[in-house]
Amino acid sequence: MRPMTFIVGLKTLWILAFSSLSNTLAVNNSGRWWGVVNVVTSTNLLTDTKNVQLVLDPSLQLLSRKQRKLIRQNPGILHSINSGLQSAMKECKWQFRSRRWNCPTTGGDNIFGKIVNKGCRETAFIFAITSAGVTHSVARSCSEGSIESCTCDYRRRGPGGTDWHWGGCSDNIDFGRVFGREFVDSSERGRDLRYLMNRHNNEAGRMTVFSEMKQECKCHGMSGSCAVRTCWMRLPTFRAVGDFLKDRFDGASRVIYGNKGSNRASRVQTHHLEPENPTHKPPSPQDLVYFEKSPNFCTYNGKTGTSGTSGRVCNSSSLGLDGCELLCCGRGYRTKTQRVTERCHCTFHWCCHVSCLNCTNTQVLHECL
């Protein structure tokens, strides 16, 4: 009996260990494609020959087979992906510049750190903004002629209104959304709560870019009378996308894993997200969702990869999140002065140069203890 008990116990431990490893790999694989931001050169004049390996840079080894195939099928698109990811990183840092979590990044493969291993609000924003970055950049690159497989969106043609008509070069948001969905979502594996959360937030980012598209027009007529206008659809600024997603971050929905039961007859997907609080309405496609409480980000935590707020500059006169009381988590702050030299009293001289003086000012800084 004892040998049999030992074997059963050993088998149980092996299954648990394998399950834990699988979950860890699933978490880490979700954002592996972010590593393309470290690509030294974003040119991707890649052959379509099966015998030639699609790895011109070590960072591309982080991509799945499907993602590498998509890059090979769309020459020029790797530069667009890289640019979109760069924009997403900058926007994330700007939106959270005054928060305890200020969207820190690293130079390694996992550029956003260990926080993405948690199902919290911050992870939701990271997935949404990076997905939006790819869609936005690819759609813009199509209209600029930077990608061989797409062009402007010319579907809108002919009369549009009483004094205007469709024309010009609309940004190709449809190609950006389709490519973004195939490229970004292909890194998600499984059918668990984290999978549903990441897929939902990825789509929320793409939907935000689409919903914020604006109509632009150019006037035609004698002396600028604007008797007739030619109009096209233009992408929003990425700052507008970031502002929208930041609002969704503040109002994010906490969700649980919902399962209506199997339905073999209709083959309908029964797994879905439900609000943790049954009195709340289900999240909309543009809402951000999370399932785990965020760390407080006040002190260093190696498990979550948070560095704390010690040494951060705070605003002593603010009662908001950037104020010293909240940002420093009640630990207090130190005040110091520093001398800063800046260019000032600049004058333009015809033609063509600008002359400036150097002005030295004293700045007062408050840093969290």
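Cβ coordinates are placed from backbone N, Cα and C, and glycine is handled just like the others.
Source: prediction; values computed, not measured.
Checking Cys150, Cys152 against Swiss-Prot, the residue bonded to Cys142 by a disulphide is Cys150. Per Swiss-Prot, the disulphide partner of Cys219 among Cys226, Cys231 is Cys226.
According to Swiss-Prot, Cys368 forms a disulfide bond with Cys328, chosen from Cys298, Cys324, Cys328, Cys329. Mapped onto three states, the DSSP output places Cys314 (disulfide bond) in strand. Minimal Cβ crowding within 10 Å, among the disulfide-bonded residues Cys142, Cys226, Cys298, Cys352, Cys368, is found at Cys352. Closest by Cα distance to Cys152 (disulfide bond), from the disulfide-bonded residues Cys103, Cys314, Cys329, Cys351, is Cys103. Using a 10 Å Cβ-Cβ cutoff, Cys314 (disulfide bond) registers 20 neighbours.
Here Cys298 (disulfide bond) is positioned 42 angstrom away from Cys356 (disulfide bond), judged by their C-alpha atoms. Of all the glycosylation sites listed (Asn315, Asn358), Asn358 has the fewest other CB atoms within 10 A of its CB. Annotation for Cys231 (disulfide bond): spatial neighbours Gly160, Trp164, His165, Trp166, Gly167, Gly168, Gln215, Glu216, Cys217, Lys218, criterion Cβ-Cβ under 8 Å with sequence separation of six or more.
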